[in-house]
Amino acid sequence: MSKTIAINAGSSSLKWQLYQMPEEAVLAQGIIERIGLKDSISTVKYDGKKEEQILDIHDHTEAVKILLNDLIHFGIIAAYDEITGVGHRVVAGGELFKESVVVNDKVLEHIEELSVLAPLHNPGAAAGIRAFRDILPDITSVCVFDTSFHTSMAKHTYLYPIPQKYYTDYKVRKYGAHGTSHKYVAQEAAKMLGRPLEELKLITAHIGNGVSITANYHGKSVDTSMGFTPLAGPMMGTRSGDIDPAIIPYLIEQDPELKDAADVVNMLNKKSGLSGVSGISSDMRDIEAGLQEDNPDAVLAYNIFIDRIKKCIGQYFAVLNGADALVFTAGMGENAPLMRQDVIGGLTWFGMDIDPEKNVFGYRGDISTPESKVKVLVISTDEELCIARDVERLKNTK
């Protein structure tokens, strides 16, 4: 028996989950927020308890020290050496990493170089990796890449219709993201349907603050909505999703607050989507509250959101030439029944129908009617468990 930590590190946060392996039992979980800012928050959940402390945490190394000390302080572990592995979620692996790998200096260097593909994610992941290597240098450290699952896409799918020199010289192509989540829920869908994954055509919809949809053919990703970066695809919480690229130079010319392309991309990443259109929030719960109040901006944001998701799902029916099931997962996918109802309501032509008694908050499983030709499933994603499993698998390959 051993203990493994799954880590999802951002620029100012560190989310973690501690497992007893190979039993896959969750021993504790938590998050450290506002790293590098005043009044950082460290939250630990274990044995039905929740402990929270506010303190100043200056960097990721300090955050990891506090996390490990908390595990000892709360009696979750007796000593550091009980932890034998750590797995790190890394958003962008580019073409270099087609599967999870054990960390070494070269791997870490590549992750930092690939930050251009995920500027909001990879730098934080690299900081988390460095912190654990500094404090626990002897344990197995593994990187699990969001992009790995999508390396099965065909060249005609991942290339953009621009001169090929931009791919050969600069590696401009579709990479996708959320691959760990899409892979996991596809496997769970096969179990739920009682059929081999290798026989199924699935559309998996990861709908959280970030949104990505994937066409899964016989267990492999054949297309996905996120692209060169996680900015592409349907509308998201704070991200615009797909827009006409000519808008970028136009806005630079017209708006004095947007001085260059970086300013526009920052706006598209952090100030757009549900939040930007509604002027209220990136949280679907707040948007739905706005619907109840007949707030016109909330209504508009919601309608754009539903429209973009329906269009993306619809195109993947064409990519797969039909599908056996549609899977909803992640924060909104799992917990927003109104959103699911309105998405499916625009896709009934494909033979989908949901049971309103099952399409309720908190329900997991098959929410379609017996007559539905395409099954509609709600499955909780578990990226942390996937990460812990890969650590366990790779422990003896250092």
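Cβ coordinates are placed from backbone N, Cα and C, and glycine is handled just like the others.
For reference, Swiss-Prot has these:
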{"type": "BINDING", "residues": "Asn8, Glu383", "note": "Mg(2+) binding site"}
{"type": "BINDING", "residues": "Lys15, His206, Ile207, Gly208, Asn209, Gly210, Asp283, Met284, Arg285, Gly331, Met332, Gly333, Glu334, Asn335", "note": "ATP binding site"}
{"type": "BINDING", "residues": "Arg89", "note": "substrate binding site"}
{"type": "ACT_SITE", "residues": "Asp146", "note": "active site, proton donor/acceptor"}
{"type": "SITE", "residues": "His178", "note": "site 'Transition state stabilizer'"}
{"type": "SITE", "residues": "Arg239", "note": "site 'Transition state stabilizer'"}
What is the one among the binding-site residues Lys15, Arg89 whose Cβ has the most other Cβ atoms less than or equal to 10 Å away?
Arg89
Cα within 10 Å of Asn8 (Mg(2+) binding site) is the criterion; apply it to the recorded positions Lys15, Asp146, Asp283, Arg285, Met332, Glu334 and give the hits in sequence order.
Lys15
I'd like to know which of the recorded positions Arg89, His178, Asn209, Arg285, Glu334 sit within 10 A of Asp146 (active site, proton donor/acceptor) at the Cα level.
Arg89, His178
Recorded positions Arg239, Asp283, Glu383: which have a Cα within 10 Å of Arg89 (substrate binding site)?
Glu383
Lys15, His178, Asn209, Arg239, Glu334 screened against Glu383 (Mg(2+) binding site), Cα within 10 Å - retained recorded positions:
His178
Taking only same-chain residues 6+ apart in sequence, whose CB is under 8 Å from that of Glu334 (ATP binding site), what do you get?
Phe328, Arg364, Val378, Ile379, Ser380, Thr381
Within a 10 Å radius of its Cβ, which of these binding-site residues (Asn8, Asn209) has the fewest neighbouring Cβ atoms?
Asn209
Of Asp283, Glu383 (the binding-site residues), the residue whose Cβ has the fewest other Cβ atoms within 10 Å:
Asp283
Around the C-beta of His178 (site 'Transition state stabilizer'), how many further C-beta atoms are within 10 angstroms, looking at every protein chain?
30
Using DSSP reduced to three states, classify Ile207 (ATP binding site) as helix, strand or coil.
strand
Going by DSSP, give the three-state secondary structure for Asp146 (active site, proton donor/acceptor).
coil
Those residues of the chain, 6+ apart, with a Cβ under 8 Å from that of Ile207 (ATP binding site):
Ile309, Phe328, Thr329, Ala330, Gly331, Met332, Gly333, Ala336, Met339
Using the residues the record lists for ATP (Lys15, His206, Ile207, Gly208, Asn209, Gly210, Asp283, Met284, Arg285, Gly331, Met332, Gly333, Glu334, Asn335), what whole-number Å value is the largest Cα to Cα distance?
22
Neighbour tally for Arg285 (ATP binding site), based on other Cβ positions within 10 Å of its Cβ:
12
My understanding is the cutoff is Cβ-Cβ under 8 Å with a sequence separation of 6 or more in the same chain; which residues meet that for Arg239 (site 'Transition state stabilizer')?
Gly210, Val211, Pro230, Leu231, Leu268, Asn269, Lys270, Ser272, Gly273
